[in-house]
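If you check TrEMBL, you get these features:
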- C34, H38, C56, C59: Zn(2+) binding site (BINDING)
Amino acid sequence: MADRALRGMGLGAKSFEDEEGVEFAARKVLGFDCPKGHHFDITFSTEADLPAEWECPRCGAVAARSDGTQPEDKQVKPPRTHWDMLLERRSISELEELLAERLEVVRKTPHY
């Protein structure tokens, strides 16, 4: 049976090209320290924006850079409530007027 097997390439992408003369992109290795004591290195392109945090591959915790770079504090918008959005559309005097109109309508309707 083995003598009748097809010979050729296996599955997957296999290159027959030689690596001679190939220039790799410039790289930078960045170290990260996990709060649980794990240290790991990640390789980045020198053109990439380098992150201040990375997920630890061992435990999944957020690891900080070993060089001490801290993440930038993002400005958090205060949450807008329904009341805030309503006040963007109407003033307090307009709201009081609408309330008076609706209360008058409710008081005039018969209660079943």
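The first residue you see is number 1, and the count goes up from there.
From the backbone N, Cα and C atoms, a Cβ is placed for every residue, glycine too.
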(message) Centre the Cβ atoms of C34, H38, C56, C59, go out 8 Å, and tell me which other residues of that chain have a Cβ in range of the Zn(2+) site.
(response) P35, K36, G37, F40, P57, R58, G60, A61, A63
(request) Indicate the candidate from C34, C56, C59 with the smallest number of other Cβ atoms within 10 Å of its Cβ, considering only these binding-site residues. (result) C59
(message) Can you tell me how many other Cβ atoms are located within 10 Å of the Cβ belonging to H38 (Zn(2+) binding site)?
(response) 14
